[in-house]
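Notes for the one structure printed next.
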Amino acid sequence: MKKRIPTLLATMIASALYSHQGLAADLASQCMLGVPSYDRPLVKGDTNDLPVTINADNAKGNYPNDAVFTGNVDIMQGNSRLQADEVQLHQKQAEGQPEPVRTVDALGNVHYDDNQVILKGPKGWANLNTKDTNVWEGDYQMVGRQGRGKADLMKQRGENRYTILENGSFTSCLPGSDTWSVVGSEVIHDREEQVAEIWNARFKVGPVPIFYSPYLQLPVGDKRRSGFLIPNAKYTTKNYFEFYLPYYWNIAPNMDATITPHYMHRRGNIMWENEFRYLTQAGAGLMELDYLPSDKVYEDDHPKEGDKHRWLFYWQHSGVMDQVWRFNVDYTKVSDSSYFNDFDSKYGSSTDGYATQKFSVGYAVQNFDATVSTKQFQVFNDQNTSSYSAEPQLDVNYYHNDLGPFDTRIYGQAVHFVNTKDNMPEATRVHLEPTINLPLSNRWGSLNTEAKLMATHYQQTNLDSYNSDPNNKNKLEDSVNRVMPQFKVDGKLIFERDMAMLAPGYTQTLEPRVQYLYVPYRDQSGIYNYDSSLLQSDYNGLFRDRTYGGLDRIASANQVTTGVTTRIYDDAAVERFNVSVGQIYYFTESRTGDDNIKWENDDKTGSLVWAGDTYWRISERWGLRSGVQYDTRLDSVATSSSSLEYRRDQDRLVQLNYRYASPEYIQATLPSYYSTAEQYKNGINQVGAVASWLIADRWSIVGAYYFDTNSSKPADQMLGLQYNSCCYAIRVGYERKLNGWDNDKQHAIYDNAIGFNIELRGLSSNYGLGTQEMLRSNILPYQSSM
C-alpha cells in the first residue's frame with residue numbers, strides 16, 4: 001500500500017492541487033532546468049577501493065605524513081569531487097588499523113560535489129576514508145531534485161546518506177527565488193528516509209518569519225512517513241472559519257492512519273476526523289470515524305436534545321480469500337439526519353437522501369456462487385419515514401453453459417424484510433428462477449432465445465395496520481405464491497459499408513435490433529412493495545426484460561422492442577459518431593395489479609416508450625453526447641440530457657450541459673420519502689457549464705455554474721483561480737452550493753465557501769494543476785463527454 005505525502009508539517013498552509021500529466025509534465029521539466037544534474041559517469045562499488053586522483057598547479061609534502069596542494073586543486077575519488085584554492089592532505093596511521101586515516105583541509109573557494117549534493121564555502125574538511133565532509137559558512141544544492149540552502153556548517157555523514165546543517169536553511173525554490181524557506185538551529189536531511197528534520201524551526205515567507213516550532217519535518221520525496229501534514233483553512237457560511245491540522249501515522253507497511261483535528265468556529269468545538277487504511281490477506285479496506293463532542297449550533301436549533309455528540313462512521317472493505325471467499329462491506333452511518341447538511345464529507349452528501357449499511361460474504365467456484373448479505377438504510381429526509389432493510393439475504397447462482405447448444409442458469413434468493421416502524425408490513429420472500437438460453441451468433445448477427453420460470457413465495461406479517469387504513473387501495477395477504485413464466489427472443493444484425501464516396505477510409509455500420517418479450521399477468525396487489533422501483537429507460541434499457549428493479553413488482557409483457565444503431569468509424573477504427581433510436585410497442589397493457597401505480601389504470605397499448613442516444617466526436621477537441629427518453633404512460637419526456645465539450649488538453653476544456661427529469665418520472669423512480677420532497681415537486685430542469693483554462697503562464701481558472709429554470713435560481717456555482725510554479729502553488733476559490741431545503745420557509749438553503757490554499761512545490765514529484773479534480777468535487781460533478 002502506497003501513500004504519497006507531498007507535504008510540509010505545521011506551516012499553516014494547505015494543499016489542494018493534485019498531479020496531472022500535460023501541463024504538469026511541462027512545468028516539471030522547466031523546474032528541472034534550474035536544478036544541477038550529475039554529469040560524470042556514475043561509479044559503483046566500494047569507494048575506499050577506488051584510487052584518489054589529485055590535480056593542482058603546485059604541490060609539496062612530507063611523505064607519507066602530509067602534503068600541500070595549491071592552485072586549482074582538484075581531488076576526485078569515485079563519485080566525489082573536492083575543489084579549492086589550497087588543500088592540505090594529512091595521513092596518519094591509526095593504531096590497530098590496517099589502513100591509514102587520510103583527511104584533507106580545504107581553503108578558499110571550496111567546492112564539493114557528488115551525485116547527491118553540492119557544497120560551497122570558504123573552508124572545508126573531508127575524511128577520505130569515511131567520506132565525511134564539512135564546509136563552513138557556505139551554501140548547498142541538492143543534485144537531481146529541488147532543494148538548497150545555507151548554513152554556518154554543512155556536514156556530509158553516513159556515506160553521504162545524511163546532510164547535517166548547523167544554523168542552516170532549506171527551501172525548494174530555484175536559485176534566485178527565496179519565496180519561502182525554513183531556518184533551524186540544526187537540519188538533518190536523510191536521503192534514505194526522504195525527510196529533512198529541523199530543530200528550532202522558523203518558517204519564513206521572503207525575509208519575514210511567520211511561524212515557529214521546536215521541531216519540524218520536511219518530506220523531500222514520495223516515501224511514506226509519520227508526521228503532521230500541511231494544515232488547511234477555509235471560511236464557509238455554515239461553519240465560519242475552519243482549520244485542519246492532519247497527522248499521518250505510518251503504522252506498518254500494510255496500514256496507516258490520518259488523524260485530523262478540524263476546528264469549526266461556529267460549532268465552537270473541534271471535530272476529530274480519523275481515517276484508517278489497511279491491507280490484509282482478507283482484502284483492503286478503509287475506516288473513517290469523525291467525532292464532534294458538542295455542537296452549539298445544533299444544540300441551539302434542538303434545545304430539547306441537550307448536548308449532542310455528532311459523528312460519522314464509514315467502513316469500506318473488499319477482498320478475496322483463498323480464491324473462493326469474498327468479503328465486502330459498504331457501511332455509512334451518522335448521528336443524525338442533518339449531518340451531511342452541516343458538514344462536508346467525501347463519504348456522503350446532503351443530496352444522497354440516505355446512507356447504506358451493507359455487509360456481504362460470498363463463496364464462488366466454477367459454475368456456482370452464493371452470497372449472504374444484510375442491507376439497511378438510514379433515511380435523512382424525515383425521521384418519521386419508514387425504510388426496509390434486508391436482514392439477511394441469500395443469493396445463489398448456478399451456471400451450466402454449453403449444455404449441447406444451450407446455456408442454463410438457476411438463480412435463487414431468500415430474504416427477510418424488516419421495517420424501521422413497528423406498524424409496517426414485514427415479509428420473508430423466497431424466489432427461484434431457472435433459465436435456459438439458446439445463443440446463436442456469427443460475425444454479422446446474433447439471435448438469443450431465452451425461457452425462464454419465476455417462482456416466488458411471500459410470507460407477510462404485521463398487516464393489520466396497513467389493511468385497516470382506508471387510504472391503501474390494496475389489501476395484503478399473509479401468504480402469496482406467484483409463478484410467472486417468461487419467454488424472450490432477441491435478434492441483432494450488423495451491416496457494414498465503406499464510405500469511400502463521402503469520407504475515404506471511413507466505415508459505417510447499421511445495427512437493427514428486435515426483441516419480443518412475453519410475461520403473463522399475475523395480480524400482485526396482495527404483495528407489499530418492499531424493494532421495487534421503476535428502472536430508467538435509456539436506449540439499452542429498452543431491451544431489459546424488467547420494468548421494475550427488485551422482485552416485488554414483475555410487470556406483464558406482450559411487447560416488441562425495436563431499435564437501430566448506426567456507427568461511423570474513421571480509418572484508425574476510432575468511433576466518431578453513433579446514434580440509437582428505439583421504441584417499445586405493447587400489444588397488451590403492462591400490469592402488476594398494483595392500484596397505487598397510476599398508469600396501470602390507463603389501459604394503454606401501442607408505442608409507449610421511446611428512447612434515443614447519440615454521440616458525436618466532431619473533432620479531436622470537440623465532442624457531443626445526448627439522450628432523451630419519452631414515456632407516454634407519464635405523458636411527458638421522462639429524462640433528457642445533452643453535453644457539448646471542447647477539450648484542448650487535460651487542463652483546458654469548456655463543457656455546456658443540460659439536464660431534465662420530469663416530476664412524474666422522479667415520483668415513479670425514487671422512493672416516496674425522497675421523490676415527494678419539496679425541491680423535486682417540479683422536477684429537474686437545469687442548464688450549466690464547467691470550464692478550466694490556462695489564462696496566462698502558470699495561471700489557470702476553473703469554474704462551474706448550473707441554473708435551475710424551474711426555480712429560477714442557481715443550483716451550483718464555483719470559481720477558482722490557480723497559480724502554479726516550481727516553488728509554490730496557490731489556489732483561491734469560491735463555491736455556492738445547494739445544501740438542503742427549508743420546508744417552513746419553502747426555499748432552498750445554500751452554503752457559501754471561500755478557500756485559500758497554498759502548496760510548497762519541489763518536495764515531491766507533484767506539479768499538477770488539478771483542475772479536473774476541482775470540477776469533479778462539485779455537487780454536480782464534471783464528467784467527460786469525450
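Glycine is treated like the rest: Cβ placed from N, Cα and C.
Within 10 Å of the C-beta of CYS31 (disulfide bond) we count 20 further C-beta atoms, all protein chains included. According to its DSSP assignment, CYS31 (disulfide bond) is helical. For CYS31-CYS726 (among others), the entry in Swiss-Prot reads disulfide bond.
There are 22 other CB atoms within 10 A of the CB of CYS173 (disulfide bond), with all protein chains counted. The disulfide bond annotation in Swiss-Prot covers CYS173-CYS727 (among others).
Residues annotated as signal peptide in Swiss-Prot: 1-24.
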Open item on the list: Can you give me the Cα-Cα distance between CYS31 (disulfide bond) and CYS173 (disulfide bond) in Å, rounded to a whole number?
Closed with: 9
Task: For CYS727 (disulfide bond), the number of other Cβ atoms found within 10 Å of its own Cβ - done: 18
Task: Between CYS726 (disulfide bond) and CYS173 (disulfide bond): CA-CA distance (Å) - done: 7
Task: Number of other Cβ atoms within 10 Å of the Cβ of CYS726 (disulfide bond) across all protein chains - done: 23
